[in-house]
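Trainee: A single structure is presented below for examination.
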Amino acid sequence: MTRTGVTRPRSAEPQPGDEPLRRLRPPLSLSSLGHWLTVPALTAMAATLTRDDALATRAQSVGLVLVAWLLPVLLAPVFGTAAARLDRRIALVAADALRAFLMLSVPVVDLLVTAVNPVLWTAIVAVLVSCAGMVWSAAAASAVEGVAAGVADDEDGTVGRAVRRRALRLVFGTAPLAALAFVLLALLADALLGGADRVHLVLYATAVVFGAAGAATAMLGGGLPGGEAEFPAPVAALLRREGGVPGLPAAVVGTVLPVAALLAVARVHVRVLGGGDPGYGALLLGLTAGLAYGVFAGPRLLAPLSRRRLLGLAVVAGAVALLVAALVTNLVVVVVAAALTGVCAGVAWATAAAVDDTPRPRALALVAALVAVVAAPPLAGILGDRRLGLGDAAYTFTGSGAALLAAAVLALVAGAVAHRRLDDRRGVPLRPDLAAALRGERYVPPREEPAEEQRARTERGVFIAFEGGEGAGKTTQSRLAAIWLRDHGYEVVTTREPGATKTGMRLRALLLDKETTGLSSRAETLLYAADRADHVANVIRPALERGAIVVSDRYVDSSLAYQGYGREQDVEEIAAVNAWATQGLVPDLTVLLEVPAETGLNRLSEPADRLESEPRAFHDRVLRGFRELAEAHPERYLIVDASRPQQEIRREIQDRIREILPDPVPAAAEDITSTFPAITDV
Ligand SMILES: Nc1ncnc2c1ncn2[C@@H]1O[C@H](COP(=O)(O)OP(=O)(O)OP(=O)(O)O)[C@@H](O)[C@H]1O
Ligand SMILES: Cc1cn([C@H]2C[C@H](O)[C@@H](COP(=O)(O)O)O2)c(=O)[nH]c1=O
């Protein structure tokens, strides 16, 4: 059972998606194992080849190999398009065979070809192996899509999604296995071989794994299904300036920096700490196992805590773990700190992907990783090893430790910025919020209300507005809130804008009809304001005056966001027009539901209306507008990450509404019963 009482399937039981993938499992696992093994194998080779050189040269050789391995990922769409033209089986087998051959070539060049610089050749192999890996990934993704699309009895796509998820787990889950295999091979090599040749064993082993993967693919019976896989271009995703979740870039940078910096200097750092390849492997094992655990556990971790808060916290915690790895000169402590860094980065990554499901976080992560891998090794070399005298004692501060320290400080700053900008529970203290989440509860802060405000509340009802972009879930959540309130004895009026009154319905038809062309932005603003004036005068105010709770799907903020930010008109002027139209009526609480524009628009099933048909840049400006409005008055807003499941969102909204509710039972009734009505979760 989970904390929330939901029974999770036991891992020993077959999962949906297992059976359709059964045939592809051996080649996918073997090839992925080989893929991840290439990283420690080639970096260890570079470190071994430069073992007698200065720290700067050693660090930069390892950095060069890592950069060479990462760079081709920028060209993923090119490889995706090229692979689509090839026969899938041939592409998979050829990519594995080429990688086996390339891995074998490294020791051969080292031992036999004196004319070629072996470090340079190792870096060239890293580029070529990575390119072949991209072709393999594209062909494998297409095969997995083919399997997912071909699942019988899968009308709602559940099994297809499970197939994709299982395939991803298979590919990324082999990374810790590769690190473990590297440790074992390094120990074996230490026991059996001597000198620089020791590192050759892992290169041979990687070649054998690729050979076995290619053979497993070649021997697959029957045809290999194919489907269309997507390969978003990382550079294009980054160049798109509109949209994006504020604070998310800082979170992504703060997530990636510690992992990339550790990878870049781990081999030289471990040597400084007195470890060889087995120590390097142990550090990689800790980091990758932590990452895998964090990615898979992240979505369920501290479920009652806001995902945006969790993201900021995970980034800060990862930076602190890296700080420990940088400062402590004990290999075991560093391996444990690397594992914690991995867990935090995994949790942060899973959470960031839930907050922004566009290709942007992935693109930014790739660029941040490249920058870190390029910068960390030379920084380690420049800073060099230093001995600090502390009275009788001395502390040796290594160059690699200093580079990790710099990365940790930067990640800490990025984490703090991310926490500040992403936080959707402003005004709610973090410590009790976190403590309650650790107990599996959601924290509801006590609210002290000035006497004047309390009196004003008893004299009128409560006004709650739901705001957000298209398809954010305003209608769904405002209805759920109204049902919950009615269940607890309140009179609730649910309403919406535009179109709550007879005149409003005509205005709505006019405003949303795509046939309404050439309407000026000012006229549009005034028509929305006219609808609102009628709405307030005939629906909202009368309901509030008789003490009802009014729940409105959209209100003034929609005009400020759409006509102000979206149409790029003066927001202050629109606010003034609307203050006049509503006679200054401001909601007691505005629930802002945030989803990326693409997600929201994709949720809509009806043909797009006049406003929904506006370009993506318009909707991105609208979303930015909503957030800025909410951030200006955090005390009367609840910002909700609306990309989560409906029931999670519902609970978060109920918790916040509870804080502003008047007592639903008339005072006279209370005198009789002497009990207060309990508000319980539905
Ligand atoms: N959290 C959620 N996750 C996934 N789908 C959701 C979620 N909330 C709502 N939906 C679905 O998204 C669609 C749009 O939801 P809804 O009508 O509530 O959004 P809206 O913000 O009112 O849209 P509009 O901008 O058209 O007024 C519906 O099909 C709804 O079932
Ligand atoms: C109140 C208000 C609304 N809009 C826009 C926003 C939407 O595109 C439509 C309303 O349709 P929905 O199904 O209720 O989401 O109108 C606006 O531009 N300005 C406003 O003030």
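Each residue's number is its place along the chain shown, starting with 1.
Keep in mind that glycine also has a Cβ here, set from the backbone N, Cα and C atoms.
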Trainee: Of the ranges 91-112, 245-266, which one does TrEMBL list as transmembrane segment?
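Mentor: Result: 245-266 is the stretch TrEMBL calls transmembrane segment.
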Trainee: Okay, the transmembrane segment (201-224) and the transmembrane segment (395-418): do they have at least three CB pairs under 8 Å, pairs separated by 6 or more?
Mentor: no
Trainee: Please give me the CB contact count at 10 A for G473 (ATP binding site), counting all chains in the structure.
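Mentor: Excluding its own Cβ, the number within 10 Å is 21.
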Trainee: Does the transmembrane segment (201-224) reach the transmembrane segment (170-189) with at least 3 CB pairs under 8 A, where each pair is 6 or more residues apart?
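Mentor: Per Cβ check, the transmembrane segment (201-224) touches the transmembrane segment (170-189).
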Trainee: Taking only same-chain residues 6+ apart in sequence, whose CB is under 8 Å from that of E470 (ATP binding site), what do you get?
Mentor: A597, G600, L601, L604, L611, E612, H619
Trainee: When you look at the transmembrane segment (119-139) alongside the transmembrane segment (245-266), do they share 3+ Cβ pairs under 8 Å, ignoring any pair fewer than 6 residues apart in sequence?
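Mentor: These two segments do not touch.
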Trainee: Is G468 (ATP binding site) helix, strand or coil when read with DSSP?
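Mentor: Note: G468 (ATP binding site) is in a strand by DSSP.
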Trainee: Other than G468, G469, E470, G471, A472, G473, K474, T475, which residues of the chain come within 8 Å of the ATP site, judged by Cβ distance to the Cβ centroid of those residues?
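Mentor: Close Cβ neighbours, site residues excluded: L593, V595, G600, R603, A642.
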Trainee: Can you tell me which of these binding-site residues sit near ligand 1, meaning the Cβ is under 6 Å from at least one of its atoms: G469, E470, G471, K474, T475?
Mentor: E470, G471, K474, T475
Trainee: Sort out the residues at least 6 away from either end of the transmembrane segment (310-328), same chain, that have Cβ-Cβ distances under 8 Å to it, and list them.
Mentor: 247, 251, 254-255, 258, 261-262, 294, 298, 301-302, 334, 337-338, 340-341, 344-345, 347-348, 351-352, 355, 401-402, 404-405, 407-409, 411-412, 414-416, 418-420, 422-423, 434
